[in-house]
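Could you have a look at this structure, given as structure tokens, before my questions?
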Amino acid sequence: MKTLDDLLGEGVSGRRVLVRADLNVPFDKNEPGRISDDGRIRAVLPTLIALRDAGARVIVCSHLGRPKGAPDPKFTLAPVATRLGELLGGPAVFASDTVGPSASQAAAALGDGQVLLLENLRFNAGETSKDDAERGAFADELAALAEFYVDDAFGAVHRKHASVYDVPARLPHYAGGLVIKEVEVLRRVTESPEQPYVVVLGGSKVSDKLAVIKALLPKVDKLLVGGGMCFTFLKAQGHEVGKSLLEEEMIGTCADLLAQAAGRIVLPVDVVAATAFAADAEHSTVAASAIPADRLGLDIGPESVALFADTIGSAKTVFWNGPMGVFELAPFAAGTRGVAEAITKIDGFSVVGGGDSAAAVRTLGIDESAFGHISTGGGASLEYLEGKTLPGLAALES
Ligand SMILES: Nc1ncnc2c1ncn2[C@@H]1O[C@H](COP(=O)(O)OP(=O)(O)O)[C@@H](O)[C@H]1O
Ligand SMILES: O=C(OP(=O)(O)O)[C@H](O)COP(=O)(O)O
């Protein structure tokens, strides 16, 4: 795999370099347009600064959220361009489209050492299309903007998307420093995790991550499941989950996984159940087996935190992805805080992965240096640990 250092060694002054970054940052739920955690922007800065300082004309592209293949102002990268400019100490030009006239004019007008951010890749149906030709056509347009391609979007390397998988087939391609660093750490955890090895899963991307559990089960000693993930399992155990996040079509899969796991999947015993998805909603702690029909579980309860902390405490390797609750709303942050704090105390190696999980660590004020590694990718690191070939890494290697 060629790296950014190889590209810098070849000389990039005056050359247009397309950098795929993962700038999928969280926004403040109460203040639209305010980035609540800029960790993913900071994580790619060394790559952008190295290219800029070498005189490259830097064209950055990223997705934000999951728009449906067409422009949607809710998911514009404009606020990210502003923050990127602040962090770079000089403006980042923003193109109001990804491969249209604004992007191509801005790319053509870029001076040496200037940085351009394209609008959200996922405003284009070709980016995420399952159809190779449709993805390829979009990749052709993206590739036409530049002479070289650098992938530093670790959080998206598990996606077979045009900007991750098809563009590197069209341009000389290099792995950025963030991708290299992330892979180095995760390779260590994958190849020889010291036992006991505990994986903690939560968050809201339920169906994505349920698929990973099957592959991870044989590799881990215990899998602790909280967050939005746990309700499909609780339902599979025969409990009612009220209005909680539920993936109906995965209930059978969860039942199979529980049977296969023979006690190694640990579920919450209590949850904080609220009348609505809101900070001021009436809420109380209830047994996980007795969630009222008109309530939704928004956090794991204190007994579950104690149960999870006990298992985490004896682990030598912990991988955690996905908040234990809706930590962005203060009444539902205690589960995530409790689990995060337990992980910081282990006598072993810990990895936290995921945009929101990493953001939770920082916004809850937990000591970042107490973790072995904080990864910018949740799904990406999980699939790496699973031993899967990740499309973005395979494309960089070929
Ligand atoms: N019980 C729950 N119900 C709904 N959403 C939840 C619940 N628990 C956690 N979440 C949400 O999950 C989101 C993060 O999920 P995800 O994207 O899977 O994590 P990551 O970005 O760390 O991989 C957070 O915004 C959090 O509010
Ligand atoms: O936030 C991300 O993944 P993560 O929540 O698993 O860390 C990445 O930006 C990938 O986004 P996607 O899961 O919408 O493809």
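Using N, Cα and C of the backbone, Cβ positions are placed for all residues, glycine too.
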Among Arg40, Arg83, Arg135, Arg170, find me the residue TrEMBL lists at the same substrate site as Asp22, Leu23, Asn24, His63, Leu64, Gly65, Arg66, Arg122, Arg159.
Arg40
Going by TrEMBL, Lys209, Gly297, Gly354, Gly355, Asp356, Ser357 bind ATP; tell me which of Glu182, Glu184, Glu191, Glu328 is listed for that site too.
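Answer, per TrEMBL (ATP site with Lys209, Gly297, Gly354, Gly355, Asp356, Ser357), from Glu182, Glu184, Glu191, Glu328: Glu328.
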Taking every protein chain in this structure into account, which of the binding-site residues Gly297, Gly355 has the most other Cβ atoms within 10 Å of its Cβ?
Gly297
For the ATP site as recorded (Lys209, Gly297, Glu328, Gly354, Gly355, Asp356, Ser357), determine the largest distance between any two Cα atoms, in Å, rounded to the nearest integer.
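Those residues reach a largest Cα separation of 22 Å.
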Measure between the Cα atoms of every pair in Asp22, Leu23, Asn24, Arg40, His63, Leu64, Gly65, Arg66, Arg122, Arg159, the residues the record assigns to substrate, and report the largest value in Å, rounded to a whole number.
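Greatest Cα-Cα span of the listed binding residues: 18 Å.
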Tell me which of the binding-site residues Arg40, His63, Gly65, Arg122, Arg159 ends up closest to Ser357 (ATP binding site) in space, Cα to Cα.
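Considering only the listed binding-site residues, the nearest one is Arg40.
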Determine the binding-site residues, out of Gly65, Arg122, Arg159, Gly354, lying near ligand 2 in the sense that the CB is under 6 Å from one of its atoms, and give them in sequence order.
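Listed by sequence, the hits are Arg159, Gly354.
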Just how many other Cβ atoms lie inside 10 Å of the Cβ on Gly354 (ATP binding site)?
27
